Amino acid sequence: MEKNGFKLVALGIIKVAALLILIQLIQNLVFIPLKALSSKFWSQYDGRGLNEPWFLTSTFAILLVTVFTCYVFIRFIDKKNWAYIRLVSKNRFKYFSAGVLVSFLLISFFTIVITSLNAVELNIEIKSISNIFIYLILLSIGLFSLILSEELIFRGYVLKTFESHISILNAIILTSFLFSIFHILRPNTSFLGFVNIFLLGCFVAIICIYYDNLWLPIGLHFGWNFFLWFFNFPISGQKYPNPILILKYNEYSLLSGSKFGPEDSLMITPFIILFILFFLLKLKMVKTDEVLNF
């Protein structure tokens, strides 16, 4: 690698590392008073399984810290605007809705298959329609805040920075690896779960570059987590209360997944790989030789 090329790569790595460290430090500082408020005023809500005031304030705090830090880096270090990381207003609803729809179809297909194989039992349990409606709104707001934060970081700033300083293919791989590391400390994580999250990260990064729009990854990610919750699956090892459906695993297996969730299933692996290859070829046609350059 030439000297100038090495400097460019090093600069990209330093910028990404600085962003991730700074976000973590600021979040830790913000969470100190939030945790104090939660223990003093909101602890009574824990009995319902989801402490809504804590859930909403903590997810909003994470999002605000992420937006602020990304803005500082984009505006004052890269001298760009939000369009630099593909966060544009044009067709945002179309791309977001398309992402949600794709995730709905994938999770529904997975649920139908493992239910037909008697790997799980799915039962309806509705006690209060009004409470469900309120809960859906609160949960959706919280999930959206978390997902928007993750996408601004990974498919937003990190991916674009690696693209600009290294290459498209390496940017996809490195961003997806960091995204997988981000999930490795979740409960009940496994090697297969790590691999599938890495592959999902690659797929989402590729379509983000191909369509040049961050709202499609945001929609895919939100739809994936929301419909995992809706069908009562663990979301990367974490379970949220579900007042609509109760899912019970009769057995955990490589096909049906585990306590980590469907990401720990071999069933989804070949589909993700096929999606990656398909869109990588389409991206190759658009970006010519740039895509396959390491």
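Any Cβ shown, glycine's included, is placed from N, Cα and C.
In the predicted model, residues of the domain 'CAAX prenyl protease 2/Lysostaphin resistance protein A-like' (136-227) average a pLDDT of 95. Annotation source TrEMBL lists domain 'CAAX prenyl protease 2/Lysostaphin resistance protein A-like' at 136-227.
What TrEMBL records for 12-34 (among others) is transmembrane segment.
Beyond the transmembrane segment (54-74), the same-chain residues lying 6 or more positions past its ends with a Cβ under 8 Å from any Cβ of the stretch are 15, 18-19, 22-23, 26-27, 30-31, 34, 37-38, 42, 45, 80-82, 84-85, 138-139, 141-143, 145-146, 148-149, 152-153, 156-157. Annotated transmembrane segment per TrEMBL: 54-74 (among others), in sequence order.
Among residues of the same chain six or more beyond the transmembrane segment (95-120), those with a C-beta under 8 A of the stretch's C-beta atoms are 211, 213, 215-224, 226-228, 230-231, 233, 247-251, 253, 255-257, 262, 265, 267-268, 271. Sequence annotations record features per position, and here TrEMBL assigns transmembrane segment to 95-120 (among others).
Residues 19-20, 23, 50, 52, 55-56, 59-60, 62-63, 66-67, 70, 85, 87, 126, 175, 178-179, 182, 201, 205, 214, 217-218, 221-222, 225-226, 229, 240-241, 243-244 of the same chain lie 6+ residues outside the transmembrane segment (132-154) yet bring a C-beta within less than 8 angstroms of a C-beta in it. Annotation comment: TrEMBL describes 132-154 (among others) as transmembrane segment.
The transmembrane segment annotation in TrEMBL covers 166-185 (among others).
TrEMBL lists 191-211 (among others) with the feature transmembrane segment. Residues 86, 95, 154-155, 159, 163, 168, 171-173, 175-177, 179-180, 183-184, 217, 220-221, 224, 236-237, 254, 258, 260-261, 263-266, 268-269, 272-273, 275-276, 279-280, 282-283, 286-287 of the same chain sit 6 or more residues outside the transmembrane segment (191-211) yet have a Cβ under 8 Å from a Cβ within it.
Among the features that TrEMBL reports, transmembrane segment is placed at 218-235 (among others).
Feature annotation from TrEMBL assigns transmembrane segment to 265-283 (among others). Sequence-distant contacts of the transmembrane segment (265-283) (same chain, six or more residues past either end, CB-CB distance under 8 Å): 106, 110, 113-114, 168, 192, 195-196, 199-200, 202-203, 206-207, 209-210, 254-257, 291.
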Report, as numbers and ranges, every residue of the chain located at least six residues beyond the transmembrane segment (218-235) whose Cβ falls under 8 Å of a Cβ in that stretch; write 'none' if there are none. 95-104, 106-108, 111, 122, 139-140, 143-144, 147-148, 150-151, 188, 200, 204, 207, 242, 244-247, 257, 259-262
Taking DSSP states H, G and I as helix and E and B as strand, how many residues of the domain 'CAAX prenyl protease 2/Lysostaphin resistance protein A-like' (136-227) are helix, strand and coil? 80 helix, 0 strand, 12 coil
